[in-house]
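The next block holds one structure in the form of structure tokens; read it before the comments.
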Amino acid sequence: MKHAENEYLNLCRHVMEHGTKKEDRTGTGTVSVFGYQMRFDLSKGFPLLTTKRVPFRLVASELLWFMKGDTNIRYLLQHNNNIWNEWAFKSWVESDEYTGPDMIDFGLRSQQDEEFKVQYDEQMELFKKNVLEDDEFSNKYGYLGDVYGKQWRAWKTTAGETLDQLKDVIEMIKKTPDSRRLIVSAWNPEDVPSMALPPCHTLFQFYVADGKLSCQLYQRSGDIFLGIPFNIASYSLLTHLIAHECGLEVGEFVHTIGDAHIYTNHFEQVEKQLAREPRPFPKLTLNPDVKSVFDFEMEDLTIEGYDPHPAIKAPVAV
């Protein structure tokens, strides 16, 4: 029987073989395709990739951060999650208040210049310390703009009100499960210019059939090697959490990607991953005593039977 992880591995192969070379915002360069879809049956295991280790702890803490409506990296740092640091750090080193060493193009330079990387690491550690310990600094430079959490939980209307899209869609699933409007959008054109990183995973829709909850994500832009594995696990986890509250079983996670790309400095890592054989997906267990998705904490989420191949490191394009 075909392993479900091949949905992802086939995406990697397809882009490596048929992708178009493109320049990008980060200056790194990519090969990409436009319009690709993967499907995962969540009843047959939790799709946490096994051909490389994907840190579930980071996936879960980021999702809980989104669900809280938080847009400041302090919560993530408190949970030893550094995946959003570079975007907040960028706003700090580009500000008039920053007086440290030149950090222009720190993403690429830290990969190419060992001496610079020492300076970069020192400045990043200092930045993280200030976000954690200095409220004023955190409020100013730990903030990422109106990113996912804000749009999910407090979408601004032209009337000056706010919409809690996530709470509303959960209520709709309970009351009108056959609705075709079970949608949450993170793409607010008015707010995009002020965001540290405009939403890559832009819109998701739920579908209820035969007592099962399915979710489809439309992702405008997908970093196949680093980002997509997180996105698969994150939205699969979100589907499990909402199904739990609504008294439903889990159905499918359908992942539709607009610009699906592999960065040119990830080719070697992708080839290494493609040479590995998938292992059985793990099982996700939720604390049955927690009834609302908004009450889940890290200790309420457990992954069992996860035996992946080793992690494969790769640089982040900022």
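If you go along the chain as it appears here, the first residue is 1 and each next one adds 1.
Cβ atoms here come from the backbone N, Cα and C positions, even for glycine.
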Of ASN188, ASN231, which does Swiss-Prot put in the dUMP site with ARG25, ARG180, ARG181, ARG220, SER221, GLY222, ASP223, HIS261, ILE262, TYR263?
ASN231
Greatest Cα separation in angstrom, residues ARG25, ARG180, ARG181, ARG220, SER221, GLY222, ASP223, ASN231, HIS261, ILE262, TYR263 binding dUMP per the record, works out to 36
Including all protein chains shown, what's the count of other C-beta atoms within 10 A of the C-beta of ASP223 (dUMP binding site)?
22
Hey, of the binding-site residues listed (ARG25, ARG181, SER221, TYR263), which one tops the CB count within 10 A?
TYR263
In angstrom units, rounded to an integer, how far apart are the Cα atoms of ARG181 (dUMP binding site) and CYS200 (active site, nucleophile)?
21
Give me the count of other Cβ atoms within 10 A of the Cβ belonging to CYS200 (active site, nucleophile).
19
Whole-number Å distance between the CA of HIS261 (dUMP binding site) and the CA of CYS200 (active site, nucleophile)?
12
